[in-house]
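Scroll down for the structure; my scribbles are underneath it.
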């Protein structure tokens with residue numbers, strides 16, 4: 001797919017894309033209780049999660065009703081995913097808790113991602129692995145409900161272990177610091193608490209004391225990270241939008257913090273009663289910010305930094321190298337094509353903002369990364385641009401291009 005973007009001003013009201021992080025967690029919750037997801041958007045990552053719970057005996061009706069099995073067991077000995085790292089990393093400890101032998105594989109983007117920390121951790125508790133990357137054969141059953149794991153590679157392992165300990169009727173996780181992307185661990189804990197489980201997080205230790213979980217019926221709430229690209233598009237193009245279907249921002253730093261971050265950079269950005277109100281200003285200020293607890297915000301912050309008056313620094317970026325693309329290099333490459341300079345330092349990137357009227361009109365490839373395409377599309381709204389392999393947005397938000405059209409973007413899709 002090729003998307004041609006012409007100078008446009010973004011305006012209107014848009015419903016936030018469903019949170020794939022929350023959708024995947026709710027789908028995995030169906031291992032324990034009935035889950036009814038209304039109007040579920042079938043992004044590639046969500047389809048991976050559905051495929052995974054089916055392999056464990058969950059009955060799925062119309063991709064909306066999820067009924068837990070009477071007994072959890074591995075029904076399929078080979079599980080083929082596409083590209084959902086969240087699904088993969090949460091699934092591994094769940095499989096280990098159920099026990100048996102199973103092989104997992106996925107597309108090339110997941111094959112190149114390391115699984116070192118979860119393999120190292122679970123190898124100490126009765127699990128055998130065929131390698132440290134996909135394709136991966138897992139054999140055995142967890143021999144302990146007290147797990148110790150390093151927290152520096154991915155928080156998704158920790159979230160998966162919380163599910164695993166519910167299978168094992170409770171236990172504890174000791175996380176060896178540093179703890180990266182802590183906000184996503186808190187998201188998982190908040191979800192279990194909401195549905196009746198007792199999960200406590202003290203310092204670096206999580207205690208799980210399962211209770212019977214209540215059923216869930218409803219629509220998946222909006223995703224601040226994905227919604228932030230609509231906000232970025234409005235701010236870059238000189239427009240203004242209202243984004244609906246969003247939960248109230250939490251106190252801890254996470255994807256929802258983008259509302260405050262954009263405000264600190266000089267934008268009109270405010271949350272009120274489930275809506276995010278965004279309006280462009282004539283100029284934006286640079287920012288220095290650590291995104292280690294919410295790395296998916298890197299692209300949107302980089303996008304606004306590109307037209308800020310000065311030098312911005314995004315810190316805590318090391319794990320961006322093991323996303324769908326090497327996002328550190330992707331940011332450098334895409335910004336460079338638009339005429340924006342950047343410099344990578346140890347665990348940070350400097351972005352040298354320019355007047356937006358000086359942005360180029362390049363042809364950019366999405367580099368097999370949905371967030372790269374979304375950042376590039378926002379910058380292209382100023383002076384135009386072309387995005388190739390634009391179907392990559394389907395990984396998280398298959399409606400993205402149609403949503404931009406509804407917000408008055410002038411684009412053509414080939």
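Cβ atoms here come from the backbone N, Cα and C positions, even for glycine.
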Suppose a student reads Swiss-Prot and sees 113, 156, 327, 371, 395 listed for phosphoenolpyruvate. Which of 9, 15, 20, 250 should they find annotated at that same site? 20
Inter-residue Cα distance where the pair is residue 20 (3-phosphoshikimate binding site) and residue 113 (phosphoenolpyruvate binding site), in Å: 19
Helix, strand or coil by DSSP: which one applies to residue 113 (phosphoenolpyruvate binding site)? coil
Which has the fewest other CB atoms in a 10 Å radius around its CB: 20, 371, the listed binding-site residues? 20
Give the sequence-ordered list of residues that share a chain with residue 327 (phosphoenolpyruvate binding site), lie 6 or more positions from it, and have CB atoms under 8 Å from its CB. 298, 299, 317, 320, 321, 369, 371, 372
